[in-house]
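Trainee: Got a structure for you, written out below as structure tokens; questions coming shortly.
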């Protein structure tokens, strides 16, 4: 049955992602809602929660945070948009991925038009997103029902719909960008960078007065206008329509461009946007002397540069922006700390200290840096797996190169990119600190930005290991689900009073609080050791396996 149409086959490939992302994020919300009663046991605790939320208004608008729905909406405002990683990756390879493999030519040789094939594939992605939204909505309703929340099933489903629409925007954007790129990884990298940029743009109006007009440029702004599980607030029909219109517009333009371009080619940009053509001598007509073709390592590095640049823009920009935010809210947070036991508990559990230093607040926010770096590693591990699935590894191995050399060179290029990204993040943070006058310990700041390197390499090593047995879709799905589980344990676990042994199951636990206490040497070495073991096992499997199986 699953192979009777393009739609069903594409939907079958997303079955793991539907369950993984739907259950992962749904259970996250269920746990947050279940933890709510413990936070408001007394009137003083309820008032403290309201005070705390007002101090983090730049992160998410605090609306009725003294209700279960308001607290859940505020607690995981934009962080739930991690779900957007799946449509981002899926849509970037929806057409361009099959073009790279050459399978789209075979598919279009059947009596099916381009439009029908593209529409069926896109419909399958939307069905998968709807499935995730449904699971998230049902589990949100279950969590609310568990604590006698004042929102119903319809509100929960609208909450899931809002997530589906905003995630669909980034999937549609990735599909559109892929019409202009030769490789799906470039489209995924560009879209991932734009996702982070749009999150920052949405924050601007909550920090700088009279900048609503600027934040309206971000799709995240319209996502935040609807708060379905806050009954007195509800959904914003206009915002939902804007998100729906963006989806239709972006995906519609992408499909039109796909119909009109050559398979395997890109959309021709206007002549006035093209760089001037320079006549080249026959000896230089082919890139035989290009630096990226001198070895497998340099070729791998050349392949990763474009997406790494965009992810660096997002990660370094986010880190620098957090410095600006902390400087802007420093005085208010210091005042609140003296009267808010809840804030003291939050900073102790997440930030690792008290308000006596600006670094404490920043430390609580910097926990998102390793999460972003690990998300980048997921995209690159997915690309390694996809290259083997597409038959590209066979071409490389046809040359006098050992399998071990190929794998280590590719992983070495990824390691180089991760190190450079971390160094640039450090530079951006230091510049932001200097510009704003926020005093931070430079040594600890270096530890906080460079400590994300081992975690990124750990996720990449796991991806290489899983690719030895699993298809690209399963590999990416399991890595993404693992990232969600770690996120859940590290961000929700402390509120649920999980035991220390449970918290240690998350790789994010070993990041620690380097902005306050310096480099956690033994934790860092432990993460590196696990990454090395995973890479050794991945190498052993790759050396012995049949390529493509």
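Glycine is treated like the rest: Cβ placed from N, Cα and C.
Nobody curates TrEMBL annotations by hand; they come from automatic prediction.
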Trainee: Transmembrane segment per TrEMBL sits at which of 359-378, 379-398, 499-518?
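Mentor: TrEMBL lists transmembrane segment for residues 359-378.
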Trainee: Which one of 219-238, 239-258, 259-278 shows up in TrEMBL as transmembrane segment?
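Mentor: Transmembrane segment, as annotated by TrEMBL, spans 239-258.
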Trainee: Need a quick answer: max count of Cβ pairs under 8 Å to the transmembrane segment (473-493), which of 76-95, 156-177, 239-258, 411-433, 521-543 is it?
Mentor: 76-95
Trainee: Might you confirm whether the transmembrane segment (521-543) is in contact with the transmembrane segment (239-258), defined here as three or more C-beta pairs under 8 A between residues 6 or more apart in sequence?
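Mentor: Taking Cβ pairs at least 6 residues apart, the transmembrane segment (521-543) and the transmembrane segment (239-258) are not in contact, as fewer than 3 fall under 8 Å.
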Trainee: Select the range from 76-95, 156-177, 301-324, 445-466, 521-543 that forms the most Cβ-Cβ pairs under 8 Å with the transmembrane segment (359-378).
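Mentor: Most contacts with the transmembrane segment (359-378): 445-466.
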Trainee: Ranking 16-39, 156-177, 521-543 by Cβ pairs under 8 Å to the transmembrane segment (76-95), which is first?
Mentor: 156-177
Trainee: Using a Cβ distance cut-off of under 8 Å, indicate which of 122-144, 189-208, 445-466, 521-543 has the most pairs with the transmembrane segment (16-39).
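Mentor: Stretch with the highest Cβ contact count: 122-144.
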Trainee: Cβ under 8 Å to the transmembrane segment (122-144), counting only same-chain residues 6 or more beyond its ends: which ones?
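Mentor: Residues 6-11, 14, 17-19, 21-23, 25-27, 29-34, 68-69, 72, 83, 86-87, 90-91, 94, 151-153, 155-161, 163-164, 167-168, 171, 175, 229, 251, 255 contact the transmembrane segment (122-144) from elsewhere in the chain.
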